[in-house]
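Summarising the annotation, Swiss-Prot assigns N6-acetyllysine to 215 and lists similarity to another entry as the type of evidence. If you look up Swiss-Prot, you'll see 262 marked as phosphoserine.
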């Protein structure tokens, strides 16, 4: 058995703008999660072409320990809390697989994302068979809804309900911002449809861990997209060439940061 959820994140930007904004935000957020021997190591970031599909391939290693729940740390052997993330970004479609060498075939996280120019109203964009689709829970993430944010994660300067972009004049996002967006044809809009499939086969822990991971994925998607919108003035003028240069610099920074300093960023204890 696997646990599948589809997270839908609506944003007041275009699919084209989001491509740059998402890559910028992921690079910045990675720095906030790296230090003291933990965090993110980038092994590969290169173009790929496979069966007519073209895009950017990345292979990252997540060195975790304090970032997993205590009940997992207690039973996890030394060195087992290392996760490999491989992503094939053929934008506007992206596929990410997370695996663990210790658990082998008993664990994976698969995230498939379609980015569409709509307000999150499309059904089964990933083309699942009807029986599987019936089991999928749909979760709507509202980036302006503070109640969806963990108290420990809240930052006023990353709150779309307070932020207004100087360059685009977008924001602040009020309680009815999605309805207002639907009634404003000239304002860009899009939705990231993120299908998350989780398998964790460990007797006695399976449902507990699968539910924990889905909760963490929602938390990550919520925080990242709130940041993405509030950082729009930092990335809206960037090109993909600028982003690739930034990613190269970030890769070197992460390597240095991971080897020194203290553990940074979100921990499972906050969840």
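Glycine residues also receive a Cβ, built from the backbone N, Cα and C atoms like all the rest.
Keep in mind that what you see is a predicted model, and the values were worked out from it rather than measured.
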Cβ distance under 8 Å to residue 262 (phosphoserine), same chain, sequence separation 6 or more: which residues?
35, 36
Tell me, how many other CB atoms lie within 10 A of the CB of the residue listed as 'N6-acetyllysine', whichever protein chain they belong to?
12
